[in-house]
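Database features, via TrEMBL:
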- 183: active site (ACT_SITE)
- 232: active site (ACT_SITE)
- 339: active site, amidino-cysteine intermediate (ACT_SITE)
Ligand code: ABU
């Protein structure tokens with residue numbers, strides 16, 4: 001089914017308006033990404049750091065189950081009347097020395113009618129968008145002449161980013177500012193304001209690059225986040241609907257959020273539980289705060305991990321209807337529902 005010529009292929013201004021079109025990732029032959037050791041040490045769970053070597057695939061049974069969970073998630077979204085785009089099956093990330101196609105949120109951000117490809121900091125991710133999403137990006141451009149697709153420039157592939165400065169002046173991040181770098185998952189949309197964080201994968205040049213490619217009238221504002229391991233904002237804040245946002249009180253304060261005019265009058269709720277680390281399957285690449293990495297369908301409904309009873313109960317107390325979907329094996333390879341999607345059109 002193709003949208004009519006009057007239907008946009010890209011048009012999203014926030015995280016909560018009714019979702020009409022979305023990309024859902026596929027794992028493919030997913031591997032532990034072989035980023036430089038200093039980067040892995042700064043961002044990945046200590047217990048699993050030794051696994052992040054070149055040519056180190058995730059266990060087959062985890063990939064198989066993650067793929068089935070992603071298919072189930074896509075089917076749920078389709079049944080809700082949402083148009084779902086998927087990358088090709090079976091991409092061999094082992095042969096590509098890459099990671100996976102399961103986490104498109106890291107590499108793409110839609111702002112208004114513009115879809116921007118992130119200049120990834122990690123060299124092992126440099127072909128991820130081209131290989132998994134290149135055809136979808138062409139399809140989106142062909143479907144809607146108003147869609148503006150901003151591909152990342154070739155020269156950013158060079159790995160000039162590791163900060164080997166030994167002086168006391170060294171900043172908090174593993175990367176320097178020698179070329180633009182950001183992961184799109186370090187940003188969230190709140191109308192014409194995009195809130196973001198600096199991290200081990202997002203530098204000032206990356207923020208400037210993003211700002212330069214935003215549609216006119218949109219601007220980036222940076223949050224003050226307390227997270228020495230920062231990489232992605234989407235387990236730190238979660239807007240549930242306009243005016244209501246959940247946050248991780250271990251990483252950000254209410255005052256830091258309220259300092260931004262766009263959130264000044266919002267109801268800001270700290271997530272009230274300490275998430276437990278699952279034993280099986282292991283969380284190889286994330287903290288256990290993935291309950292905040294949910295996908296809001298329309299400010300009333302939200303997709304949540306099927307077994308996460310405590311979060312379901314709390315989100316329902318906050319007025320949401322939760323749609324449960326099994327996702328533990330996707331969690332294991334690096335993220336949850338927000339990570340595994342790119343919302344293309346929100347009404
Ligand atoms: N991209 C998901 C980030 C999860 C975490 O904070 O560990």
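Cβ atoms here come from the backbone N, Cα and C positions, even for glycine.
The CA atom of residue 339 (active site, amidino-cysteine intermediate) is located 11 Å away from the CA atom of residue 183 (active site).
Neighbours of residue 232 (active site), defined as other CB atoms within 10 A of its CB across all chains, total 28.
Secondary structure at residue 183 (active site), taken from DSSP and collapsed to helix, strand or coil, is coil.
The Cβ of residue 183 (active site) lies under 8 Å from the Cβ of 106, 107, 118, 120, 121, 199, 201, 202, 231, 232, each on the same chain and at least six residues away in sequence.
Residue 339 (active site, amidino-cysteine intermediate) counts 26 other C-beta atoms within 10 Å of its own C-beta, drawing on all protein chains shown.
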